[in-house]
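In TrEMBL this protein carries:
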type	residues	note
TRANSMEM	12-33	transmembrane segment
TRANSMEM	45-69	transmembrane segment
TRANSMEM	89-108	transmembrane segment
TRANSMEM	120-140	transmembrane segment
TRANSMEM	178-202	transmembrane segment
TRANSMEM	222-241	transmembrane segment
Amino acid sequence: MMAAPLEVLSIIIGWTYFFLWSFSFYGQVVLNFRRKRVDGLSMDFTWLNSFGHGSYAVFTTAMFFSAEVRRQYREHNDGHDSSVRANDVAFAVHAFTLATITLLQTFWYPRAPDQRLSNFNRILLLAFGTFCVVDLTLVASRVEQVLPFLNHLSYFKLYVSIAKYVPQAWLNYQRKSTVGWSISNILLDFSGGVLSLAQLFLDSWLARDWTSITGNPVKFGLSFLSILFDMLFILQHYVFYRHTREKPDMEGATETAEEGAVGEQLHDEQTPLLRDASSRSLLALAT
């Protein structure tokens, strides 16, 4: 009798974290639009984020809608069904769309001279694209089933979830600032990650089947890694670099509060000197 209410709870949790994770993408898009610039945003993060969510969108869509893929999954998991839900599909497609918009913004708005995709990730994405072409060729020639290809996409997404945050965290550390990096994105992502883990464990417990976790490692990994990195970004924003904030200057550009404070200090120090110099000049003219 408890199963039905808990199944409803699982659905509620799933759609709640869908909305939290989905809304988290808008913070960076809106921030870029308001600033009309993208300095402070890692190019490695934006490229990996778009490719990663694209891979996850293909994986979840096929796992949820394809009867053949679900059959192959049951064959490899002792007759158990995949734990991919409708909210997983909706999130993946929406995330890919917003991540791609963020990537396109980096081409539209000005960025720093050294703000570019690293050679390592450039080669990685090229290799991944080549691997996908080879994988799809094997599927088309019936040498390989579709499920292994989809699993490869999910593993790439899992890797991206680790790799994409590292350049951004390092960039924040180098700049000693989180200016240009949306904290609302992080807070919503953290909340969604906690709920996603809760749904995964609840579904496994209801089904008395813990292969829902081992059979869908990307969902477990995504939630767990998101929580860890989000905690790091929260510490960077509110603890380590809390004195560095952005404020508009007189011409509509931006500067950090820390830079502004330094400028005001220099101005205060130079003002008495300028006054003394002006007084001496007037005295010399008078004599």
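Backbone N, Cα and C define each Cβ position, glycine as well.
Here the transmembrane segment (89-108) has Cβ contacts under 8 Å with residues 18, 21-22, 25-26, 28-29, 32-33, 38, 41, 43, 46-47, 49-50, 52-54, 56-57, 59-61, 64-65, 115 of the same chain, all six or more residues outside its ends. Within its own chain, the transmembrane segment (222-241) has Cβ neighbours under 8 Å at 157-158, 161-162, 165, 168-169, 172-173, 176-178, 181, 183, 186-187, 189-190, 192-194, 196-197, 200, counting only residues six or more beyond its boundaries.
Listed by sequence, the residues of this chain that lie at least six past the ends of the transmembrane segment (12-33) yet keep a Cβ under 8 A from its Cβ atoms are 41, 85, 87-88, 90-91, 94-95, 98-99, 101-102, 105, 109, 180-189, 191-196, 198-199, 202.
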